[in-house]
Amino acid sequence: MRPLLGLLLVFAGCTFALYLLSTRLPRGRRLGSTEEAGGRSLWFPSDLAELRELSEVLREYRKEHQAYVFLLFCGAYLYKQGFAIPGSSFLNVLAGALFGPWLGLLLCCVLTSVGATCCYLLSSIFGKQLVVSYFPDKVALLQRKVEENRNSLFFFLLFLRLFPMTPNWFLNLSAPILNIPIVQFFFSVLIGLIPYNFICVQTGSILSTLTSLDALFSWDTVFKLLAIAMVALIPGTLIKKFSQKHLQLNETSTANHIHSRKDT
């Protein structure tokens, strides 16, 4: 009971801090009053329409308060990652629209790693018993696979990020239970999710330049998106070839879980 209470207190404190950060915006002619800033526009987007609206608002506000927008984005991203809340793909796309393709990619890779590590630590301190109680079969499966590949653990972790047998949020929660060293965990997230982050950020960068829906289906945009997808496939192909030679993988289990949702 104490671990659950402690987790709820941490969650409540972080939620309140993020609320203050999003409602105590410095005034500026671009964003009107703080009430307007703290309303519907500055909340987690749930679809592409809300995402586009939010990106337009923040891009205008960023012209006067660049540091504050950066801080707000980082806080929101770490909040989602730290508490294993699905939907970080929208924030990756938003990063591409706000910060450009390369700065956005660097930022998302770092925030994904730091946020996932925060989730690791929260699970280690408060959530081990809860995770084992609610997901005993999934934990047992991962435990068996981790032990089978202990000698090549880092590459196995990369494989799990690129070809998930289980959702990323669950891997973040269960990692301390599986005795995965935190340093290996951090760098496996940093490297393993580069292709996924790359696709999302580059897509956001492209979408932010479009002036109409028709432009989304232009040949130029289609070719750019295809090129992004091809580049992102290269690391996955290399890791998969290495895994087939050096890792102990159950192909049946992998096939059954390969379509797990890739939320971090």
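Using N, Cα and C of the backbone, Cβ positions are placed for all residues, glycine too.
As recorded in Swiss-Prot:
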type	residues	note
CARBOHYD	N250	N-linked glycosylation site
REGION	96-207	region 'VTT domain'
SIGNAL	1-17	signal peptide
TRANSMEM	67-87	transmembrane segment
TRANSMEM	100-122	transmembrane segment
TRANSMEM	153-173	transmembrane segment
TRANSMEM	175-195	transmembrane segment
TRANSMEM	219-239	transmembrane segment
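Within the same chain, residues 11, 14-15, 17-18, 21-22, 25-26, 42, 44, 46, 58, 61, 94-95, 98, 107-108, 111-112, 114-116, 118-119, 122, 169-170, 172-173, 261, 263-264 sit at least 6 positions outside the transmembrane segment (67-87) and bring their C-beta atoms closer than 8 Å to a C-beta of that stretch. Remark: secondary structure over the region 'VTT domain' (96-207) totals 96 helix, 0 strand, 16 coil, with classes taken from DSSP.
When averaged over the region 'VTT domain' (96-207), pLDDT in the model lands at 90.
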